[in-house]
C-alpha cells in the first residue's frame, strides 16, 4: 500500500540524509517524516526527478505548497507534486494513485530547467566564496603543521652536534624524495575520486541495483556509513605503497646512503643509517595518513586532518626531548618520536573516517585500482619532472660555492614556504570542482574557477609586496654570515616578484586535478620541466646564482602558461568556459555527442 507524501515543507535534505533517503526508499514504501517533501527537478535536462540537498546548499528548486498525492513505484525513488498544476502532470488531484515514469514531457523539463537554473545561480553565488575560504584556512593550517614539526626536530637534533644534524638531514632528504614521488600523486587522485563519488551518492545520483561503487549500508534508524569504492581503494593502495616504501628504505638504506655520497668510512654513516631504518618503519603510517588527508578533502572536510595532525605532532614534540636526551637515544630517539606521532595521526584519522564510510569493501570487484593507477601513473611522471627540475636547480647553485649555496637555500625555503597559502587554496578548489563537475554543474564550476583565479592573483600580489618589504629584515633570522646575507638580499626580486606567477601556477594544478585532467597535467609538466632544465644547465654558467633563480622563475611561468593554454582550449575539459550561460545546456549535449 502506498503511503501519503507530506505537504507544505520547503526544507531539503543535507547530503548525508539524502543518501539515507535514497537507500531507504528503494523498493520500500515511502514513510512520512523520514525524508523531506520538497521536490526538485533535475537540472541537467534529462527526464526524471531527483531529491537534492535543498537546505544545505540553497541551490535546488524546491516546490512548496504541494498537494497531497498518493503513489507507488516498485523500483524508483522519484517523488512528485502537483504544485505546478496540469502544466506538468495531468490528473494530479489529491488522493490519486499513479506510478511515475521517466517519460517526462519537454514542457516539464523546460519549466524545471529555467526555474532550477535561476535558483542555482543565486544560491551558489552566496555560498561558494564562503565554502572555498572555509576549506582553505584549515587546509593551510594542516599543511603548515608538518614543516613546523620538521623544524622542531631539526632544532633538537642540532643540539646533538653537527655530525648528527648532517646525518639526519641526509636521511630526511631521502625519505622525503621517496614520499613525494609516490604519496603526493595518491593524495591528489584520492581527493578528486572521493569528491566525485560523494557528489554522485549525495546529490540524487542513484546507482543501479548492481552498482557496488557508491552506496550506503542498509537503513537501521541511525546515520549510516557510506560505502565508497574510491575510499577503500585509496586506503588499500596507501597501505601497499607504504609497506613497499618501508622495505625499500630499510633494506636499501646502505646503497641509498652511498648514492648520496655517505661512504662507509664517514662519521655520518652509522647515525644516518640508524635514523633511516627507524623512519622507514613509519612509512606505512605516513602514506596512509596522506591518503586520508586526500579522502577528507574529497569529503570537503579540511578540519579533521588538522586536529589529527595537531594531536600527533604535539605528542611527538613532547617525545623528542624525552627519547633523545632523557633516554639518551640521540637521533634514533628523534626518528622514534616521528614514527610514533605518524601512527597516532593515522589511527586518529581512521577512527574519524570510520564513522562516515566503510573502510574496506565487502567485494574486491568494486574497487577502482585501474583508475587510481592510471591517474597516479600520470602524476608520478609529473612529480618526477618537478623533482628533477628543482634538484637540478639546487645542484647548479651548489656549484657556485658554499656561500652561494647557503644563500640559495634560504631564498628557496622562503619561496616554498609562502607557497603553502596558494597551495591550500588550490587543494580546496580541487575538491569543490571535482564535486560539482561530476554532477554537471558547469555554471558553478565556472564561478569557482573565476573566483579562485582572482584570489590567486590578489594573493600573489600581496605576498610579493609583503616579502619585498620584509625579506631584508627576515634574512638575518636564518644566518648571521654577512657574506651570505649580501647574496640573499640580491635574491629579493626572485623571492617576491615571482609570487603572483607561483600563485597562479599552483592554482592551475588544483584546477587540472579538479576535472581529473591528470594526463595533461603530467604531459605539460614534462615539457615545462624539459625546457626549464635546459635553461638551468646553461644560464648559471653565464649569470651565476641569478641564473638559477631565473631558471626556477621560468619553470613556474611556463607552468602558469600551460594552465592558461588548457582553460582557453575549447576541446578539453574546460569547454564549458566558452559557452554562453543561456546555451550551456545545449553546448553540454553537443559536447557529449561529439566523438
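Just so you know, the numbers here start at 1 and follow the chain as drawn.
Positions of Cβ are set from backbone N, Cα and C atoms, glycine also.
Taken from TrEMBL, the feature transmembrane segment covers 276-299 (among others). Below 8 angstroms of C-beta separation, residues 135, 139, 142, 171-172, 174-175, 179, 182-184, 186-198, 230-231, 234-235, 237-239, 241-243, 245-250, 253, 256-257, 305, 308, 332, 335-336, 338-339, 342-343, 345-346, 349-350, 353, 356-357, 427-428, 430-431, 434 of the same chain, each at least six residues beyond the ends of the transmembrane segment (276-299), sit close to that stretch.
For 306-327 (among others), the entry in TrEMBL reads transmembrane segment. Same-chain residues lying 6+ beyond the ends of the transmembrane segment (306-327) with a Cβ under 8 Å from its Cβ atoms: 138, 141-142, 145-146, 148-149, 152-153, 156-157, 160, 289, 333-334, 336-338, 340-342, 344-345, 348-349, 352.
The feature transmembrane segment is assigned by TrEMBL to 333-352 (among others).
The transmembrane segment annotation in TrEMBL covers 372-392 (among others).
Among the features that TrEMBL reports, transmembrane segment is placed at 412-434 (among others). Same-chain residues lying 6 or more positions outside the transmembrane segment (412-434) and placing a CB less than 8 Å from one of its CB atoms are 128, 131-132, 135-137, 139-140, 142-144, 147, 188, 191-193, 195-196, 199, 297-298, 300, 302, 394, 445, 448-449, 452, 455-456, 459-460, 463, 467, 471, 474, 478, 494-495, 498-499, 502-503, 506-511, 513-516, 552.
Taking Cβ pairs closer than 8 Å, the transmembrane segment (455-475) reaches residues 132, 410, 414, 418, 421-422, 425, 485, 488-489, 492, 495-504, 506-507 in its own chain, all 6 or more past its ends. Here TrEMBL flags 455-475 (among others) as transmembrane segment.
The transmembrane segment feature in TrEMBL is assigned to 487-508 (among others).
Within its own chain, the transmembrane segment (546-568) is flanked in space by residues 389-390, 393, 396-397, 400, 408, 411, 415, 449, 490-491, 494, 497-498, 501-502, 504-505, 507-509, 511-512, 517, 520, 524-525, 527-529, 531-532, 535-536, 539-540, 574, 577, which lie at least six positions past its ends and keep a Cβ under 8 Å from the stretch. Feature annotation from TrEMBL assigns transmembrane segment to 546-568 (among others).
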